[in-house]
Amino acid sequence: MVTRVGSGFSVQRVWLLLVIVVVLCGSVTQQASAWFTNDECPGVMGNRDLYEKVAWVCNDCANIFRNNDVGVMCKKDCFHTMDFLWCVYATERHGEIDQFRKWVSILRAGRK
């Protein structure tokens, strides 16, 4: 009889551990997707690849000038700033300006 109680107790521990793992995994997933939902760009959900391409310009610009504030200002208002255009030229991607404008308009879709 003691072995049953002992084995029942270990089964409870296993279930408890399983529940904790599932809850923690769900929490991590929500935090990862929150980065995109809390962003200033309403069209980023479903367009993460576009967001990454446009954000890459800002990251490169911040690296060129060794100043994180440049990258932050570039991404402000969902890339709809003169700082973003300045970074496009600073990273010598001015030939792609029309493509970047299309991508930014997609990312800004639904914005009030």
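From the backbone N, Cα and C atoms, a Cβ is placed for every residue, glycine too.
Keep in mind that what you see is a predicted model, and the values were worked out from it rather than measured.
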Partner cysteine of Cys61 (disulphide bond, per Swiss-Prot) from Cys41, Cys87: Cys87
Cys74: disulphide-linked cysteine among Cys41, Cys58 [source: Swiss-Prot]: Cys58
As recorded in Swiss-Prot, which of Cys25, Cys41 forms the disulphide with Cys78: Cys41
Minimum Cα separation from Cys41 (disulfide bond), reported as the residue among recorded positions Cys58, Cys61, Cys74, Cys87, Ala109 that achieves it: Ala109
Protein Cβ atoms within 10 Å of Cys58 (disulfide bond), excluding its own: 22
Neighbourhood of Cys61 (disulfide bond) by C-beta distance under 8 A, where only residues 6 or more apart in the same chain count: Val70, Gly71, Cys74, Trp86, Cys87, Ala90, Thr91
Cys87 (disulfide bond): tally of other CB atoms within 10 A of its CB: 26
